[in-house]
Amino acid sequence: MALNGFHFDKCDEEVATAFSVYCGISIMHALVHKQVQKAEARYKLSQELLLYHMKVPDGEVNHALEAVKEPDREQDDQYRAFPRFNFCPRDVKEHARSVQLSMRMFYDLNFVASFKIHEYKLARFVLLVQKGYRDTPYHNWWHAFSVAHFAYSLMMNLRLIERGIITKMQGFSFLIAAFCHDLDHRGISNSYQTQTSSPLARLYSSEGSVNERHHLSQAICILNDSSSKILDGLSTTEFKECIDYLRELILATDLANHFRILPRLKRLRADNLAEGSNQRLLLSLMITCCDLNDQIKSWKTVQHVAHLVYAEFFAEGDLEKQMGLRPNAMMDRNKACIPMLQIEFLTTVIRPTFDILVQIFPETHVFLDTIDSNREQWERVRNRAAQQQQQQQGNGNGKAVPGNGAPPEQCNGCDATAECCDFTCYTQANE
């Protein structure tokens, strides 16, 4: 159509088309931006709700502070033994005492003075972290307390900060990461999260390490709460540095990441820690050792922890069966040979990991002796179970024998979830 002799040509049509597309994109952007704002608001609201239900009474905070400042005689004895590698955090039992000992770590490493941590916020931080763990068999507060204790013991006994092996900021981040590394763990693995397209998987699966990214998110949530901001005394640069280390360390607790960097970890030596990224690799190695430290404790502790771990594994396996999925053999209570799985775990994961630590710090060689001793104990359990199986077959007992080599019914009234059980009479207690 012409107007005063002029008409729209091809160029005008293209401009009009481009403008209409631009308008459409602008409208869509505005709508999406509004949805993002609503999502952020819902996220903040859910975090506020979470922290509200994790609310720590002032009385608990004050009690923790008083106990740390004026320990009784029993606490004094415990404090003296606390830094040692052979101290077992799982023997503490009382939640209140574990909180006091947790706070003690920050004082002993001089983090409270160095980073200007408000004592009241420190107490509230530890109590919030404690409440942030679910009541799962293994991935609970006692696991976090145990991991943090080993991080503390490494820094105290090896004098990592004093010797300049790690910086004070790295040590501070290391301890916080140890406490927070499994926050809000639901007792299920990354593979289960991804396989079932859980809400966490939908949020994090594209980035990998689904559980670990959620733990990191929960840790930052607690650190950002005004009542537990133990990073308040840091400058902006220091704060960013601390969060950066925290992210690296928590993500490093995913064993998949550990195996990915294992060839580089094996090249670490006492004389090359200052080269390139070796210091960060050392931190990743140490947080993995902390996560696995139950395996270098006494046989009694190793037994007990195995019960807890397989309680979680078998529960996950049961869920997968209910969904019509085929669980991994180690998560199938009818197929798992627990002593064999533990021997394999100690041989292929635990010893190679601690071998590297001992390679860097020869003074920790006792860890390897303990690992070897515990592996021998599992071999004895396996052999006893095999003997029992042979005796049953020799006696013509036609009962089916599950994968762990033990009879399917309870033996001598033993509870398979009890600490006294050595797995030779393990039963399907949860069926």
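Cβ from N, Cα, C; glycine included.
Curation does not apply to TrEMBL; its annotations are automatic.
Taken from TrEMBL, the feature active site, proton donor covers H139. What TrEMBL lists as AMP binding site is H139, N140, W141, W142, H143, D182, D291, Q342. The annotation Zn(2+) 1 binding site is assigned in TrEMBL to H143, H181, D182, D291. Here TrEMBL flags D182 as Zn(2+) 2 binding site. The domain 'PDEase' annotation in TrEMBL covers 57-385. What TrEMBL lists as region 'Disordered' is 383-404.
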Neighbour-count leader, CB within 10 A, recorded positions: H139, H143, H181: H181
Candidate with the highest Cβ count within 10 Å, taken from the binding-site residues W141, W142: W141
For the domain 'PDEase' (57-385), the mean pLDDT of the predicted model: 95
Near-site residues: Zn(2+) 1, ref H143, H181, D182, D291, CB cutoff 8 A to centroid: H139, A144, V147, A178, H185, T253, C290
Cα-nearest neighbour of H139 (active site, proton donor) within the listed binding-site residues, H181, D182, D291: D182
CB within-chain contacts under 8 A for D182 (AMP binding site), separation at least 6: Y133, H139, H143, A144, V147, N211, H215, T253
The one of N140, Q342 whose CB sees the fewest other CB atoms within 10 Å, among these binding-site residues: N140
